[in-house]
Amino acid sequence: MKGKRIIFMGPPGGGKGTQAQRLEDTFGIKQLSTGDMLRAAVAAGTELGKQAKAVMDAGQLVSDDLMIGLISERVDQPDCANGFILDGFPRTIPQAEALESLMADKGMPLDAVIELRVPDELLVERITGRFACAKCGRGYHDTYQRPKVEGVCDACGSTEFKRRADDNAETVVSRLEAYHRQTAPVLAHFEKTGKVHVVDGTKDIDQVTADLVSILEKSTAAG
Ligand SMILES: [Zn+2]
């Protein structure tokens, strides 16, 4: 069985989405987020999709068994033939164990668990500094990307800017706390397998990609 099968973890604002997209393009592997898998199964009206819809319509959380079932179906599809990047799962140790046993049953062991690591202070600065042109949507940053002429949008000349309400420091800090609370035990669990790789997410975007590619090229589980 060929392919790259990885779990990718990274904090909000850490650049995980951009990097996952680049890995998709480089290796022809598919990024699988739990939200996307759920929506796709519901839209396709599969048996598991119907179950998931019923659970979500009732305002409940999708069970681990159901999510594992969805992952099981999803990774067998042709677009995952070269592998996948799992994003947003597992979030607990029982989920991690269920996933490992599923992949073992399929003869498709995980190759790597990658943690994109960025210090909280830097993430807070990155996220809270974001703002955008109110007219054309061009993105800016207080520190890293100010308009060329102060107070005037480079793209459209508008002088009105806006910030997302949830980009304030308090919200960002609480999102980061939730992220650490969730990922720390899962990472500790995977540490035992020797498959965890930490990537320094403070480097520039191309260097982070290069580091990720190098890890993926080296890590291939037997199976
Ligand atoms: Zn503009």
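Along the chain as shown, residues are numbered 1 onward.
Using N, Cα and C of the backbone, Cβ positions are placed for all residues, glycine too.
All TrEMBL annotations are machine predictions without curation.
Quick look at what TrEMBL lists:
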BINDING   Gly13, Gly14, Gly15, Lys16, Gly17, Thr18, Arg130, Lys203  ATP binding site
BINDING   Thr34, Arg39, Gln60, Leu61, Val62, Gly88, Phe89, Pro90, Arg91, Gln95, Arg164, Arg175  AMP binding site
BINDING   Cys133, Cys136, Cys153, Cys156  Zn(2+) binding site
DOMAIN    130-166  domain 'Adenylate kinase active site lid'
REGION    33-62  region 'NMP'
One of the binding-site residues Thr34, Phe89, Cys136, Cys153, Arg164 has its Cα closest to the Cα of Arg130 (ATP binding site), namely Arg164
Please report the DSSP secondary structure of Cys133 (Zn(2+) binding site), reduced to three states.
-> strand
Hey, what's the Cβ neighbour count for Arg164 (AMP binding site) at 10 Å?
-> 12
Long-range Cβ neighbours of the domain 'Adenylate kinase active site lid' (130-166) (under 8 Å; 6 or more residues past either end) = none
If one looks at the chain holding Phe89 (AMP binding site), which residues at least 6 apart in sequence have a CB under 8 angstroms from its CB?
-> Ile7, Thr34, Met67, Ile71, Gln95, Leu99
Listed binding-site residues with Cβ under 6 Å from ligand 1, out of Arg91, Arg130, Cys133, Cys153 = Cys133, Cys153
Cβ-Cβ distance under 8 Å to Lys203 (ATP binding site), same chain, at least six residues away | Asp211
